[in-house]
Amino acid sequence: MGGLASGGDVEPGLPVEVRGSNGAFYKGFVKDVHEDSVTIFFENNWQSERQIPFGDVRLPPPADYNKEITEGDEVEVYSRANEQEPCGWWLARVRMMKGDFYVIEYAACDATYNEIVTLERLRPVNPNPLATKGSFFKVTMAVPEDLREACSNENVHKEFKKALGANCIFLNITNSELFILSTTEAPVKRASLLGDMHFRSLRTKLLLMSRNEEATKHLETSKQLAAAFQEEFTVREDLMGLAIGTHGANIQQARKVPGVTAIELGEETCTFRIYGETPEACRQARSYLEFSEDSVQVPRNLVGKVIGKNGKVIQEIVDKSGVVRVRVEGDNDKKNPREEGMVPFIFVGTRENISNAQALLEYHLSYLQEVEQLRLERLQIDEQLRQIGLGFRPPGSGRGSGGSDKAGYSTDESSSSSLHATRTYGGSYGGRGRGRRTGGPAYGPSSDVSTASETESEKREEPNRAGPGDRDPPTRGEESRRRPTGGRGRGPPPAPRPTSRYNSSSISSVLKDPDSNPYSLLDTSEPEPPVDSEPGEPPPASARRRRSRRRRTDEDRTVMDGGLESDGPNMTENGLEDESRPQRRNRSRRRRNRGNRTDGSISGDRQPVTVADYISRAESQSRQRPPLERTKPSEDSLSGQKGDSVSKLPKGPSENGELSAPLELGSMVNGVS
């Protein structure tokens, strides 16, 4: 029991004996020292921690204290009053001794109580008196933050405690201070001298202990990895920075691969060792760390096209492949072996990235070589064409003005971009003339050119197939619409020519020449002879009416529009100027249905304005005005024959198209029975 009491290593605190209410002394530990009491906590916490006055506390007997026990001596017996209390030291007296057994009598009890005990439960009476204020001394030392965890273990203070001569050293967790308790004053003076040295040596010991623990773990890991899969490779010294990555990013990425257990790096030998559970995990981690350098030979004449404008092509290869960089070796750089006429392109990156870059570059080189072969074939074809006499037509020849510079085929000395496009020459030699090329976008026909060529051919064909009697003279509206103007018909319209011929002499002119063309009345404009022509010469063919190839719509003016719309004022039946009549809607079939129907149907015919309409209009005007005096004797008979039929006509032209009687009269005027 004495060793247990004196060894301050078992519990954090100064061991003492505390007197209970029954007079027995129980084992406790001093946790703190106050003015008139000490803070005690008991063994096994059978009682709560509390402050006890100095008069109820004493120190345990010294470890070397030994006294022979005889009959009649007072002793202390280690016993307990009941099962609920722990054992304590009770005062008793020896009544009888027989071998190793002692009969003792307790003195604390009122009634005499005897018990037989062995020698292990007996000890001489404790020679230490009850404690006083000067029985305990305490020293506190502030503990650095990095050493608080280490100071919580009392074993690290063993040498420090021995050097001080203190009874107990422990860390107070409440205020993170090191408590030094002693029963003498000497340790208090030594603590200020050895405190700093103790903390410094403690920090060094902790560092060494952590290294030893790390080495132990490494040893265990190495034993486990010896039976696992392993990958070992070496990286060039100048590429070690790329392999490690920024702040070790590549190594961290490799360690995150599932199945990788450890990665070792030999900085002196630039060697990586990868340990993993599977060979696939080791190879994947290796692909992140193994950086190297490789080159691709590029023909000298294709270097510019491989690099591209402003390095666009080679930059695309770098971005897609993932290599770190690419270097084009100059002629003065002889580090890497090169072939004759070739320029090395040196790529730096991982094995996989370099392989991707080589595949992209080789494909681009094959494409450039095929394009060059196609260009040479085209040059051979052009040379053969020159030899057989056709020759090579330069781009833009035969095109309209302003079109030769915008579209066309480039020559053999064109830029490399024009060589990528596929061109055809078939449309330049087998078309319908220089203005009808349809081979490609460079020779696309223009609508103005094609229309002009077709119109001129029709001009040359019209005099042969159309006579002077079976052509209809164009109306003023049609002639003004077909008269060539500047540009494409977007210029200012021609000056108007006021006329009202059909109001004054339309009837007389028809009666004078019944066999003439009645539709000539609708032409209200006089043809202008060209300036260079003689008065007696006929107008040139270009001034004749040309039939437009464009399909007419409802907005186009027709023969009736030209007859009803004149530039001058119209005369009404009263001889006064009136506004122009509303235009009738045009129908394209009216120009095709000029003849009279045999059945006399008017509703389904919808003919344009005929001569009979003008005759009817003139008769209605003659009722209000005196008749014309320009009639001849040869006209009287004709007028007499027609007077009866004219008198049966309505006063004005019908607006709903009922023109059956005028159609018959028109047939008689034209001389058709």
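FYI, residue positions are counted from 1 along the chain as it appears here.
Note: Cβ is positioned from N, Cα and C throughout, glycine not excepted.
Copied over from Swiss-Prot:
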- 14-60: domain 'Agenet-like 1' (DOMAIN)
- 73-125: domain 'Agenet-like 2' (DOMAIN)
- Tyr78: phosphotyrosine (MOD_RES)
- Ser192: phosphoserine (MOD_RES)
- 295-324: domain 'KH 2' (DOMAIN)
- 389-673: region 'Disordered' (REGION)
- Ser410: phosphoserine (MOD_RES)
- Thr411: phosphothreonine (MOD_RES)
- 411-421: compositional bias 'Polar residues' (COMPBIAS)
- Ser450: phosphoserine (MOD_RES)
- Ser453: phosphoserine (MOD_RES)
- 456-482: compositional bias 'Basic and acidic residues' (COMPBIAS)
- 525-535: compositional bias 'Acidic residues' (COMPBIAS)
- Ser533: phosphoserine (MOD_RES)
- Ser566: phosphoserine (MOD_RES)
- Ser580: phosphoserine (MOD_RES)
- 583-595: compositional bias 'Basic residues' (COMPBIAS)
- Thr598: phosphothreonine (MOD_RES)
- Ser601: phosphoserine (MOD_RES)
- Ser603: phosphoserine (MOD_RES)
- 620-635: compositional bias 'Basic and acidic residues' (COMPBIAS)
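In the domain 'KH 2' (295-324), helix, strand and coil residues by DSSP number 21 helix, 5 strand, 4 coil. Classification of Tyr78 (phosphotyrosine) by DSSP places it within a strand.
Summarising model confidence by region, the domain 'Agenet-like 1' (14-60) averages a pLDDT of 87. Comparing Cβ neighbour counts within 10 Å across the modified residues Tyr78, Ser192, the minimum falls on Ser192. Across the domain 'Agenet-like 2' (73-125), DSSP assigns 3 helix, 32 strand, 18 coil.
Secondary structure of the domain 'Agenet-like 1' (14-60) per DSSP (helix as H, G, I; strand as E, B; remaining residues coil): 6 helix, 27 strand, 14 coil. Rounded to a whole value, the Cα-Cα separation of Ser192 (phosphoserine) and Tyr78 (phosphotyrosine) is 41 Å. When secondary structure is read from DSSP and collapsed to three states, Ser192 (phosphoserine) falls in the helix class.
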